[in-house]
Amino acid sequence: MRANRVSALIMLSLAVAFNVFPLLALAQNSQASSKYPCAFIDTVNITGSYPHEQYGIGNNSNAQHINNSYIYEWMIIPPELVAVYDFIIKNGIRVQTERHLRACVCKLKPCIRFCCSQGFFYSLENKSCSPISSIVDNFVDQDFMEIRFTNGSIGTISTSGHFLVHHGTPCEHMRTITKDNHYVHWTLHENGTIAYKNHLFSKHYCFSAFPESNKDNEMDWQWQPLACVPERLPFILGVREWTYAICLIITVICMIIILFVYLLCTDLRNTFYGVAIKSYTLCIIVGYSLLAHLTLTNPANMSKYACSKIPSFALLYLVLSFYILSFISFNFYLSFFGIILSNLMFWFIFFPIVIIAACWSFFVSFDLYNNRPVFGNEICWFDPRNWSILVYLYVPILLSCVFSGIFYILSLIKLSDGPDIDVNKLMASVSRNRFKSFWKFFGYTLSTWLVCMCSFAINCYRGERTHINYVVCLFIAIHGFGSLYALVGKNQQIQNFLRKIEEEIDSDEIAEISMPMSNF
């Protein structure tokens, strides 16, 4: 019984030594080395590998042993080439995983990568490994490869003896490199690099056998390196895109009309409310125009600078438009306390917010999401495959809507608490009619962007564009027509101004008709 306990303790200590202690030892040694000593493609997972014991000064019986290197494929890996990783690279994207040990083995011995194991080849149509038919002759063997040595000579070597052999594709989608519809004859060098003339092949590759006809019209199998195909979003200019762009342009036209009317209205032109509405319409005009441009323009036809800066400006104006609505809500609430803000106060409040929003859009244009730039990578707007638009656009808009909602509720409470208060004094600078028309307009705006958020969530969850995109187009148009209806049609001051202009025109026509004609 006692012997069983002793053996159990020995087995437990060995398990700790071989699994737990390597991570602790590496954590100490990694302080003196860089965090990641090489590219991820040059590493392998060595978690569970045996540490290589080195003894200090003294006899082996009493010297303290230090585990500062590891053994992999009969190679001793020094500690400076080992690091603790908490991620892997999958299809060019950094994916978080459990902490594990990885070693830069390709720095110690050249690496070679095959897409499939022996007897299989990579099918570009099925994007998977397919077996070679037994009737196929002259199929190439993975055990031997033709390489070019450093002295310029060409010879055949044992693959497993000269290289570290890896199997598997580094990406889900691979492609061959062709020139004039023919395979390029790449040269494998002694140090593991693949080159054609002065062109080096990417490290993210794998070899696969492909048939090619020779001079005798016979099919010869040869090794071809396959490169990773970047997952680019295709540019589509279909019915959905045209409908969305047309609805954006309709809203821009409605905002231009509102801006023109508020510029002419002398009663609202220089007030806090009037200046804020004019600033809002300008932001929507610029922001929606940029969105329409991005929708109808192929990113391949845009420069990298334009593909990065145009969406950042669109982000800036869209976020600013919502915070202008927060200013108007705040102004309504202050009016219940007899505080009247002038148009100068609007600019004092507006300019700091402009600086903050500009810094935010500048930060977003240079930030990375899933190891990809937010703007200017594959699409000149937010990538619909991730949640970056939620973080950088929808969250600031939601915060602004929360601020506006708080001021609206406080204003309603103030109205309900004072039924006997003199309304003319209470609404000295802002009429009750203006208050109602503004919140109708805010309701149209909020509904439009809530539909946009729901559409993004559904599309991202399903991984494809759905028919809810047409609902987004409809609400974008409702945003324009609703704003025109609420800010112009339901604003009594604007209606009085338009009625006055109409009466002046009618009086001028009557005066012209009633004027007596003089004799020649």
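Glycine is treated like the rest: Cβ placed from N, Cα and C.
The domain 'Methuselah N-terminal' annotation in TrEMBL covers 38-228. Per TrEMBL, the feature signal peptide maps to 1-27. Per TrEMBL, transmembrane segment is recorded for 242-265, 272-294, 314-334, 346-369, 389-410, 441-461, 467-488.
Same-chain residues lying 6+ beyond the ends of the transmembrane segment (346-369) with a Cβ under 8 Å from its Cβ atoms: 272, 275-276, 279, 308-309, 311-313, 315-316, 319-320, 323-324, 327, 375-376, 383, 386, 388, 391-392, 396. Most Cβ pairs under 8 Å with the transmembrane segment (441-461) belong to 467-488, among the candidate stretches 314-334, 389-410, 467-488. Panel annotation: around the transmembrane segment (467-488), residues 240, 243-244, 246-248, 250-255, 257-258, 261-262, 277, 437-438, 440-441, 444-445, 447-448, 451-452, 454-455, 458-459, 494-495 of the same chain, lying at least six beyond its termini, place a Cβ under 8 Å from a Cβ of the stretch.
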